[in-house]
Amino acid sequence: MKKRFIRFSGSLLTASALLLCFPVLALASEGAGINISPLWIFPFASLLLCIAVLPLAAHHWWESNRNRALVSGFFALIFATYMLVSFGHAGWVSLLHAVLYEYLPFIVLLAALFVISGGIYIKGSLAGTPLSNSMFLIIGAVFASLIGTTGASMVLIRPLLRANQARERKVHLVVFFIFVVSNCGGLLTPLGDPPLFLGFLKGVPFSWTFQLWKEWLLVNGLLIVIGNIVDQYMLDREEKERKGSQLEQVLEHEPLGIVGWHNFLFLAGIVLVILGKGQGWGGEWPLGVQEALMTALTLAAYFTTKKDIRAANSFTFAPIIEVAVLFFGIFITMIAPLTVLNVHGKELGLNEPWQFFWATGLLSSFLDNAPTYLTFAATAAGSMGVSVESQKYLAEFLATGGAKATDILVAISCGAVFMGANTYIGNGPNFMVKAIAEENKVKMPSFFGYMAWSGAILIPIFVVVTLVFFR
């Protein structure tokens with residue numbers, strides 16, 4: 001595994017070095033002037049369909065990350081060829097922007113948090129009771145806003161799985177974990193979720209998101225209560241079906257403790273890097289500096305952590321490799337729907353906060369929620385006469401738009417963060433948590449099976465949110 005990590009980290013360092021060599025790519029334009037036909041959303045939709053269907057139709061074949069990479073690369077190649085043939089240099093710039101400014105920062109951050117958190121082991125008796133599982137979600141909801149949904153997910157998913165290893169029915173625990181920790185918990189600070197961080201970079205004050213505590217409390221409170229009820233029901237069924245009490249097993253006491261605690265310092269370092277870039281510490285950061293710093297922290301964490309700790313966490317690189325190969329194709333092919341949305345977004349006729357909430361949210365379920373957030377924020381700002389050419393145009397939008405602007409931006413923020421939980425691809429941590437759970441022998445729902453869970457539980461909650469806050 002050490003050789004694999006060296007190759008993996010070498011790739012990250014090489015990518016970071018290459019980024020530093022391309023200041024010319026720091027373009028204000030992301031392929032300006034490109035008008036992609038809506039028909040070319042087909043590669044993106046086809047890739048999503050493969051992610052949904054192939055685990056069911058060709059399960060054994062799909063288990064190989066090499067085969068996943070072949071499928072992802074195939075659709076990325078089709079779309080990249082179209083971009084280069086149809087748009088020449090502008091298409092090349094758009095593809096480079098997607099890889100260098102969006103995909104690489106995304107995967108470097110995810111890999112850093114995955115590796116660092118893999119060196120944190122919570123030992124002792126972790127009781128897999130409904131009450132303790134709810135406490136995991138409560139802690140995770142708070143952590144998600146402090147260290148980000150990805151960081152909180154990577155730190156807490158393994159202890160949750162280990163606490164419930166004696167139980168047979170635990171799919172619901174992972175599903176609710178994705179709902180709360182990987183998504184809805186990250187609403188309170190710009191560090192919580194990428195859309196809010198981009199809003200911060202565009203002029204939204206750091207403390208502005210604190211006012212979203214009511215929406216945060218309602219959604220996460222409902223999810224934790226519902227999750228507790230479902231968990232109690234599942235445990236009761238298991239108690240009836242299996243001989244002997246499962247609670248007697250999970251309640252055997254061993255003192256709790258944390259091994260590898262020094263990795264929390266590296267996690268804090270990642271948060272500081274993100275905050276430093278956003279605040280412009282030392283001036284504007286050239287492309288690649290953030291990624292190089294994160295890679296250095298990842299290397300330091302890996303080589304200062306004993307192998308036994310990662311072994312106790314059943315740590316392997318398979319989950320992050322799966323996410324890396326699939327999201328490469330997603331980020332490339334996603335250029336088409338995002339470009340179409342940018343061109344035609346104003347034609348949607350959105351005026352009311354509830355319309356922005358649902359439009360942003362539903363599209364964030366399938367597209368990257370960060371650029372979707374910016375697209376609708378720019379649409380709202382433009383409708384009020386605010387020029388989006390300014391780097392801090394959202395500050396002007398909030399200052400001149402009054403209560404209406406605030407209500408709309410609240411709706412956009414909630415839609416992007418909350419509805420990232422609707423699908424496995426709605427937010428980066430979702431797929432990571434799924435992959436880690438499957439590596440720990442939890443049979444997770446299919447793509448559509450997960451959407452059945454989110455449709456039954458999340459959509460009614462979002463209707464309540466609409467009625468309470470946006471009507």
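Placement of Cβ uses the backbone N, Cα and C atoms for every residue, glycine included.
All TrEMBL annotations are machine predictions without curation.
Features reported for this protein in TrEMBL:
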- 1-28: signal peptide (SIGNAL)
- 38-57: transmembrane segment (TRANSMEM)
- 69-91: transmembrane segment (TRANSMEM)
- 103-122: transmembrane segment (TRANSMEM)
- 134-157: transmembrane segment (TRANSMEM)
- 169-188: transmembrane segment (TRANSMEM)
- 217-235: transmembrane segment (TRANSMEM)
- 256-275: transmembrane segment (TRANSMEM)
- 287-305: transmembrane segment (TRANSMEM)
- 317-340: transmembrane segment (TRANSMEM)
- 408-427: transmembrane segment (TRANSMEM)
- 447-470: transmembrane segment (TRANSMEM)
Any contact, the transmembrane segment (103-122) to the transmembrane segment (134-157), with at least 3 Cβ pairs under 8 A: yes
Paired segments the transmembrane segment (169-188) and the transmembrane segment (287-305) in contact, 3+ CB pairs under 8 A: no
Chain residues outside the transmembrane segment (256-275) and at least six past its termini with a C-beta under 8 angstroms from it: 109, 112-113, 116-117, 119-126, 147-148, 151, 155, 191, 197, 290, 293-294, 297-298, 300-301, 304-306, 309, 312
Stretch of maximal Cβ-Cβ contact with the transmembrane segment (38-57) [cut-off: under 8 Å; candidates 134-157, 217-235, 408-427, 447-470]: 447-470
Stretch in 134-157, 217-235, 447-470 most in contact with the transmembrane segment (408-427), if contact is a CB pair under 8 A: 447-470
Same-chain residue ranges lying at least 6 outside the transmembrane segment (447-470) that approach it to Cβ under 8 Å: 48, 51-53, 55, 175, 179, 214-215, 218-219, 222-223, 226, 352-354, 357-358, 361, 407, 410-411, 414, 418-419, 421-424, 434
